[in-house]
Amino acid sequence: MKKLQGAHLSKPIIPDLLMTPSDQGDVDLDVDFAADRGNWTGKLDFLLSCIGYCVGLGNVWRFPYRAYTNGGGAFLVPYFLMLAICGIPLFFLELSLGQFSSLGPLAVWKISPLFKGAGAAMLLIVGLVAIYYNMIIAYVLFYLFASLTSNLPWEHCGNWWNTDLCLEHRGSKDGNGALPLNLTSTVSPSEEYWSRYVLHIQGSRGIGSPGQIRWNLCLCLLLAWVIVFLCILKGVKSSGKVVYFTATFPYLILLMLLVRGVTLPGAWKGIQFYLTPQFHHLLSSKVWIEAALQIFYSLGVGFGGLLTFASYNTFHQNIYRDTFIVTLGNAITSILAGFAIFSVLGYMSQELGVPVDQVAKAGPGLAFVVYPQAMTMLPLSPFWSFLFFFMLLTLGLDSQFAFLETIVTAVTDEFPYYLRPKKAVFSGLICVAMYLMGLVLTTDGGMYWLVLLDDYSASFGLMVVVITTCLAVTRVYGIQRFCRDIHMMLGFKPGLYFRACWLFLSPATLLALLVYSIVKYQPSEYGSYRFPAWAELLGILMGLLSCLMIPAGMLVAVLREEGSLWEVSLPHPCLLPAPQPVALPWAQPLEQKTRLLQYLFQGLQDSFNWEEHFFLTSSLGYESAQICLVCGRLWGRSPVLWPLPPPGAPGKGGAQSKDHGYWPVPTCLGGT
């Protein structure tokens, strides 16, 4: 390794944000990492991508059911309280990490290399979720194509997949009112269409014998992956444009379904059932846990998607404003979706002559059984069915874009020189691999595997990852340093509210969720089918694997890095702010340049414990030299300057350097 010699060093490369116009003309800048990596083409791309990522299928088929089973309108009290305690702070934390570093879920752990295993756990979780999530999109595509008929195929009995139990439920009435039918011994056409035709679940004896591949589902899954690949082909440059449609059009359809729903007879019966407050439920801990779980999974924290999206932002993007827009918009969308769903369920209950709670379901049962059945009762039923499933398609695709972009970004950031020039090819290989792994979900018993993945892939493991991330950022990297990072980007430091949530309230709430999920653990089931013990064990191991990657990452970091355990946990010397290059750096607002210098000099003060001595490598003025000094130490762009060690400090190998004791420049700063 060569030693530094001031007389032989090339002309210093001054970081672009601190260059004068004359500097720009004299020096050829290296390719900027962030510029080479790519950025959003506009601020709205990022905002719509975050909205599309957060507003997903769960807003339609999970929130309304959770609301009415946990106190109706009273559920909004714990829901918004948990949004304030957990949702907004964790959302802002993840966006801040990504934007400050311009790195993905793996490389961002330069903030504390000891915890890089948390990034690997994120990738494992998001990979498993992406496999089965696209299968749900394949089901939606199947129903979307099935809606392109004059009569919906699940409207009547008498098809080859129907059984003798199939009954077209058309409630009977007399002059005194509705006479409810006995629905317990019969099956609706929509339910048999879903289970016996789409899934063909009768062809499987259980999760251990999945049966044959359903080629119609196999082709739908292939189409889903092709759509995803084409949309992420050019990274955020392409997906950022697709979301202009996929993130906004669902609101138009939701509004149409809402208007149509509230005009149906019996609609207000369903809405009343949905929102009537039952405040005595607030005394139950289960209601508060359910609210926290809904916030936790709906916003998508811990999956790495938010961090990835923010890493493509310009350095001074106002993510504080975006945090409130997305989180509150997500909550409002969930509430509106509940109105659209329960207005139709109220109409359905009146037509069938049964209470609303007998037709209300959550999850796939709502999307693929109950709501399709309700569509058959409307005039122009294929039209409304097509709109509903097209809305689900656009809602699902946005989230899937984020999952895939997270994986691709994380790996390419780890191996930028090999993979970034071939990012499109790498994205295609990821899609092909996940399609092949998801083929088991297209079999007769594929739904059993989907339920297993859904129950365990992102359960307690995800909570452990988020708790670890929160503690690593605030306790190890340091809450003061993190707030200083945010001040440099946004011009203000987070106040007491965010600090209290990051340090205490959010981790404590997540820990309570984790304990609750363990104490209240229930084996997986699908309908009347109970999973065997080996399947339960497999699911638990799936969740534990993501947890074990955190201590495994610690072990690898300790073995690879020199120094004590605490030294390994400290930020990597090459973790640096990632401002974006601009055409005329000195035309930037004075406030931003001032924050930059304050940040760099504060970092310099924190970094050294001895009286600093530096050598200069060119005839720069003193003021310019000081700027280069700070940037050479903290920016990691070039071997401009490097500190002289304390008197008597040994050189490499324990020998005193003959070159005035200058230390070699680290590779990340351009040294050799």
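Backbone N, Cα and C define each Cβ position, glycine as well.
Whatever TrEMBL says is automated annotation, not expert-curated.
Summarising the annotation, TrEMBL assigns transmembrane segment to 46-64, 76-97, 118-145, 213-233, 242-268, 288-312, 324-348, 383-404, 425-450, 456-477, 497-519, 539-559.
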Quick test of the contact rule: Cβ under 8 Å, at least six residues beyond the ends. What residues does that give for the transmembrane segment (383-404)?
49, 51-53, 55-57, 59-60, 126-127, 129-130, 133-134, 136-137, 140-141, 143-144, 147-148, 152, 224, 227-228, 231-232, 239, 242-243, 245-247, 249-250, 253-254, 256-257, 260, 300, 303, 305, 308-309, 367, 371-372, 375, 427, 430-431
Output the single range from 46-64, 118-145, 456-477 maximising the number of Cβ pairs under 8 Å to the transmembrane segment (76-97).
456-477
Residues of the parent chain within Cβ reach of the transmembrane segment (118-145), under 8 Å, 6 or more residues beyond its termini:
57, 104-109, 198, 216-217, 220-221, 223-225, 228, 302-305, 364, 367-368, 372, 385-386, 389-390, 392-393, 396-397, 399-400, 403-404, 406-407, 410-411, 434-435, 437-438, 441-442, 446, 449-450, 453-454, 457-458, 461-462, 464-465, 468-469, 472, 542, 545-547, 549-550, 553
Within the same chain, where does the transmembrane segment (324-348) have neighbours whose Cβ lies under 8 angstroms from its own Cβ atoms, ignoring anything closer than 6 residues to its ends? I mean 6 or more beyond.
47, 50-51, 54-55, 59-61, 63-64, 67-68, 76, 79-80, 83, 87-88, 91, 251, 254, 257-258, 261-262, 264-275, 294, 298-299, 356, 359-360, 366, 370-371, 373-374, 377
Under 8 Å between C-beta atoms and at least six residues away from its ends: which parts of the chain pack against the transmembrane segment (539-559)?
113-121, 124-125, 128, 452-453, 455-457, 459-462, 464-465, 468, 524, 531, 565, 568
Counting Cβ pairs closer than 8 Å, which of 213-233, 288-312, 456-477 has the most of them with the transmembrane segment (497-519)?
456-477
Same-chain residues near the transmembrane segment (456-477), Cβ under 8 Å, at least 6 residues beyond its ends:
90, 93-94, 97, 111-112, 114-115, 118, 121-122, 125, 128-129, 132, 296-297, 301-303, 502-503, 506-507, 510-511, 513-514, 517-518, 524, 539-540, 542-547, 550, 569, 571
